[in-house]
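Over in TrEMBL, the protein carries these features:
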type	residues	note
TRANSMEM	6-23	transmembrane segment
TRANSMEM	35-59	transmembrane segment
TRANSMEM	65-86	transmembrane segment
TRANSMEM	93-120	transmembrane segment
TRANSMEM	158-178	transmembrane segment
TRANSMEM	215-236	transmembrane segment
TRANSMEM	242-261	transmembrane segment
TRANSMEM	282-299	transmembrane segment
TRANSMEM	305-328	transmembrane segment
TRANSMEM	335-352	transmembrane segment
TRANSMEM	372-399	transmembrane segment
Amino acid sequence: MELNLVTSLFLAVIVYLIGAYLVKKIHFLDRYSIPAPVVGGLIFAVFTLIMHTAGLVTITVDTSLQSLFMIIFFTTVGLGASFKLIKLGGKLLVIYLLAASFLSIVQNTLGVSMASLLGIDPLLGLMASSPAMIGGHGGAAAFGETIDGLGVQGATTVGIAAATLGLIAGGVFGGPVARFMINKHNLKSNEPKFDAGDYEIPVQKKENKFTIDQFFIYLAIITFAMALGTYIGGIFSDLTGVILPDYVGAMFVAIVVRTLLDATQDRIPFDFDTTINDKIGAVSLGLFLSFALMSIKLWELADLALPILLIVSVHVIVIILYTMFIVYRLLGKNYDAVVMINGLIGSGLGATPTAMANMDAITSKFGSSKTAYLIVPVVGAFLIDIVNIPVIVFFINLFS
């Protein structure tokens, strides 16, 4: 049974709303920051699995809008990349970003190597690595679509499964590692216990009166970056033979646009409001993930479940050892360093919300860290994508 475009869009919205309701009601889902569209989408995917397995009907969703919402989301990520925040984070932010970037390379190298050893396509091993671990469900769905397009069956399904396992693992192991390091090295915070209001990323505090005209201004900026980025990406691919997904070109054009807006803000009557940009990004991500989860075919996981579990397990072991013995030392061997590696375990296996939840759990007990609360979300929210995405594209081209 093939659903038309309008019906598919309606179901994507309903799937998101069901997921949001369940996340609020079920403690486990809230504790591990499982995204609403992932919850709702997996329920729909399980339903389609039952229908398919029972031989009743195979439901096919029209995903024509999925790519559009995906490009919008990555464009808003690029527009959110204000390099002013790098100056605020200073040297430690650069070190943390480099550590996270190196982790991306390590994860992808391990993923394709283990896939070859396990007898599956290296690109499936890649999908269980940094696209899903550092990229989360958004990265898994985006690059899954790209790799599916190369003829590798089940790439999106593998990525979503790995991202879900990583999200849970990041939440489970981050806290115990941090507690172990704090007790082992007898570390203490010099700051009071966590108060969320004190440590927000510096953003505009002025009252925002959202208007339709404002929305269209931001829509114009976003669609301009999308249009130019897709053309540049296409030209780049034609000239070099390197696969460059449309959303990658759009994101980098958006970074340039944001940089120009910041540089000229004193000379033009326009003040970029990150709140509006983030809301547009959140809506597009929610719908993009809903479509991606609704369209996955869980029956494709039958022969891949064990390889995925093994690859993700290795990623968990590696990130724990990497953060405890290397990153901790690079960041200064102090309490701030422990809070930051706790965040890196969360974002390096799952997503930025997991990193924040990990840090909240530690700082509420042992005292807060202004440094960690500036650096971890800034890197995890957008700076790491600037590095992680080109690394993934390199591996895709290397093994396609």
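Residue 1 is the first one shown; counting continues down the chain.
Including glycine, each Cβ sits where the backbone N, Cα and C put it.
Counting Cβ pairs under 8 Å to the transmembrane segment (305-328), the top-ranked stretch among 65-86, 93-120, 158-178 is 93-120. For the transmembrane segment (65-86), the list of distant contacts is 5, 8-9, 12, 93-94, 138, 141-142, 145, 201-202, 221-222, 225-226, 229-230, 246-248, 250-255, 257-259, 262, 272, 274, 277-278, 280-281, 284-285, 287-288, 291-292, 295, 374, 378, 381-383, 385-386: same-chain residues at least six beyond its ends, Cβ to Cβ under 8 Å. Below 8 A, the CB atoms of the transmembrane segment (242-261) and the transmembrane segment (335-352) form no more than two pairs separated by six or more positions in the chain, fewer than 3 in all. Within the chain, the transmembrane segment (335-352) has long-range Cβ neighbours (under 8 A, six or more residues past its boundaries) at 32-33, 35, 92, 96, 99-100, 103, 107, 133-134, 136-137, 163, 166-171, 173-175, 177-178, 181-182, 185, 187-190, 315-316, 319-320, 323-324, 327-329, 358-359, 362-363, 366-367, 369, 371-372, 375-377, 379-381, 384.
The stretches the transmembrane segment (372-399) and the transmembrane segment (93-120) meet in space: the count of Cβ pairs below 8 angstroms, excluding pairs fewer than 6 apart in sequence, reaches at least three.
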